[in-house]
Amino acid sequence: MRVGVLTGGGDCPGLNAVIRAAVRKGVQDYGYSFTGFRDGWRGPLAGDIVPLDIPAVRGILPRGGTILGSSRTNPLKAENGIRRIKENLTKYEVDALIAIGGEDTLGVAARLSDEYGVPCVGVPKTIDNDLSATDYTFGFDTAVNIATEAIDRLHTTAESHMRVLVVEVMGRHAGWIALHSGLAGGANVILIPEQRFDVQQVCGWVESRFKVRYAPIVVVAEGATPKGGEMVLKDGSLDSFGHVRLSGVGEWLAKEIERRTGKEARTTVLGHVQRGGTPSAFDRWLATRFGLHAIEAVRDEAYGVMVSLRGTDVVRVPLADATAKLKTVDPKLYAEAGVFFG
Ligand code: F6P
């Protein structure tokens, strides 16, 4: 048995831990061989492979990024994409494929598996934690820790200058990073994509914070949208899955706050810092378990499934379910945080 492995979409701390665990268990327990595909779906599409064995995965557990490289290549849009993937899997004698990715990468795996008979097992990843078929995705905990540390640091500089500091975090459709890091970091305003925000109300919270002689920290998810306005975009460009590139709401909001309150407001955009560097202990643990369970699914020939965390158990769910529904922040959860606003 030869197993192909690829990592697609935005990188995420913990990807290497999945690869390591799958290879270690596959080689040691089942005598499998492995082939790595470079840069997500571009690898099987172009036949770009990399050797993958136990020496190749030594020492990678704490390393961020992915030793296989990643891309947002969409093979369903490439000319003869499916045929080329099938030919390359045959050429390199790959019997099963483990696809590690988010909504887009797993969406392709689901179609390849269900419609075209390619034996795929999915492993969910995204720092956004917005896949409903799993309780948590690895990468999220690391991103929240990084954002929380940034908020802690911004509190002291905001107070020294009595400025408003706006922190823009990732979160395209879901405000999980904003909500968790905002609560953990003691933010005075948290804005998420799920609920449009009222700029005047934000300014009210900012002013009430100044009244008690503290400087406000506003955490805003990149996908958060003002009431009566549009999502703020850097430029109009799209990736190959058709997603518009975000970031910009933090800058926009700081300007609005300054204009309406007369208080100095600055923005910190955390951007890819949230996705880089070493994974947290939780993410290493989760990613390692996902890797172990993915190889067990291959052994059981349970294709068309994704491994998923339910409570403390790792279970299998249909790949099609993995991408069917986005996991967004429940309004009740968001309302809980409201006691700290202002
Ligand atoms: O999906 C994960 C994510 O980190 C989003 O939060 C963000 O909008 C996007 O990736 C950014 O992707 P890229 O690095 O390709 O611009």
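Yeah, the Cβs are placed from backbone N, Cα and C, and that goes for glycine too.
Features of the protein shown, as given by TrEMBL:
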- GLY10: diphosphate binding site (BINDING)
- GLU103: Mg(2+) binding site (BINDING)
- THR126, ILE127, ASP128, ARG163, MET170, GLY171, ARG172, GLU222, ARG266, HIS272, VAL273, GLN274, ARG275: substrate binding site (BINDING)
- ASP104: site 'Important for catalytic activity and substrate specificity' (SITE)
- LYS125: site 'Important for catalytic activity' (SITE)
Query raised in the report: On the Cα atoms of THR126, ILE127, ASP128, ARG163, MET170, GLY171, ARG172, GLU222, ARG266, HIS272, VAL273, GLN274, ARG275, which are listed as binding substrate, what is the maximum pairwise distance in Å?
Result: 33
Query raised in the report: Which one of the recorded positions (LYS125, ARG172, ARG266, ARG275) has its C-beta surrounded by the most other C-beta atoms within 10 angstroms?
Result: LYS125
Query - Packing count at the residue listed as 'Mg(2+) binding site' (other Cβ atoms within 10 Å of its Cβ) - result: 20
Requested in this report: Compute the C-alpha separation of ARG266 (substrate binding site) from GLY10 (diphosphate binding site), stating it in Å without decimals.
Outcome: 27
Query raised in the report: MET170 (substrate binding site) has how many other Cβ neighbours within 10 Å of its own Cβ?
Result: 26
Query raised in the report: So what sits near ASP128 (substrate binding site) in its own chain, CB-to-CB under 8 Å and at least six residues off in sequence?
Result: GLY102, THR137, PHE140, MET170, GLY171, ARG172, HIS173, ALA174, TRP176, ILE177
Query raised in the report: Using DSSP and three states only, what is GLY10 (diphosphate binding site)?
Result: coil
Query raised in the report: Taking the Cα atoms as reference points, how far is VAL273 (substrate binding site) from the residue listed as 'diphosphate binding site' in Å?
Result: 12
Report summary line: Taking GLY10, THR126, MET170, VAL273 as the binding-site residues, the residues having C-beta under 6 A from ligand 1 are GLY10, THR126, MET170
Query raised in the report: What number of additional C-beta atoms lies within 10 angstroms of the C-beta atom of THR126 (substrate binding site)?
Result: 27
